[in-house]
Amino acid sequence: MAYSAKIGPSILSSDLSCLGSECVRMMECGADYLHLDVMDGHFVPNITFGHPMVECLRKSIGQDPFFDMHMMVSRPEQWVKPMAAAGANQYTFHLEATTNPGNLIKEIKESGMKVGLAIKPGTTVEELAPWANHIDMALVMTVEPGFGGQKFLEDMMPKVSWLRSQFPSLDIEVDGGVGPDTIHKCAEAGANMIVSGSAVVSSDDPRSVIALLRTVVAEAIQKRSLDR
Ligand code: DX5
Ligand code: ZN
């Protein structure tokens, strides 16, 4: 089995005036990667930051942390090159935001980044499926994108299960309302890349939360491999 359990804190819920030290804190607490939420106030009703912030973060915290850019933006085509130049590792765009996913996937690969493809709760997994063999990761949103701290949508889990059954070695990420109370559902469905914002960042003990999330997912992966 090609995939493994990876935990990526979303720093959206952290003290944004200390973003660099918050990222370092998450990595020191055992994060496998960092999930950076880019919002443009148009694709979603909220606004965060863009590639200049990513460039500063990369300079400040070094080459090691893997940056998964969750691009909640209209016209995602326009930020591929600036994000690659800023030091992003993976460019995760929304299927709903583009009319030409095939071309965008090609451009992201040519720029040297990995490709993530995200779907909102209202988008079916069948719409993502034709692209699944051309991407590195599928992101199944478990809240409406735009804000941290929302309630986990359990009825997204059949999408994850279906993707896992059809694409056994694909990285599948879940994002939104994921924490110790909801991780079992995600792990059983077959997600292996876990974004967790408020549950990790606002915890008194983020190290234990990250370790718990990883253990639950790793156990589900092991069980699935034994069942095969
Ligand atoms: C929501 C963002 C998420 C968010 C997750 O649009 O994509 O990454 O920060 O935060 P929690 O885990 O608090 O729902
Ligand atoms: Zn996100």
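Glycine too: its Cβ is placed from the backbone N, Cα and C atoms.
The substrate binding site annotation in TrEMBL covers Ser10, His70, Gly146, Phe147, Gly148, Gly149, Gly177, Gly197, Ser198. In the three-state DSSP reading, Gly177 (substrate binding site) counts as coil. A C-beta separation below 8 Å, combined with a sequence spacing of at least six in one chain, links Gly177 (substrate binding site) to Thr142, Val143, Gln150, Lys151, Phe152, Leu153.
In the three-state DSSP scheme, His70 (divalent metal cation binding site) is classed as strand. Sequence-distant neighbours of His70 (divalent metal cation binding site) (same chain, 6+ residues apart, CB-CB distance under 8 A): Ser10, His35, Leu36, Asp37, Val38, Thr92, Gly116, Ala118, Leu139, Pro145, Asp175, Val195. The divalent metal cation binding site annotation in TrEMBL covers His35, Asp37, His70, Asp175.
When secondary structure is read from DSSP and collapsed to three states, Asp37 (divalent metal cation binding site) falls in the strand class. If you look up TrEMBL, you'll see Asp37 marked as active site, proton acceptor.
Among the features that TrEMBL reports, active site, proton donor is placed at Asp175. Asp175 (divalent metal cation binding site) has a Cβ environment of 25 other Cβ atoms inside 10 Å.
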DSSP on Ser10 (substrate binding site), three-state: which is it?
strand
Could you work out which of the binding-site residues (Gly146, Gly148) has its C-beta surrounded by the smallest number of other C-beta atoms within 10 A?
Gly146
Close-lying binding-site residues around ligand 2 among Gly146, Gly148, Gly177, Ser198, where CB distance stays under 6 Å:
none
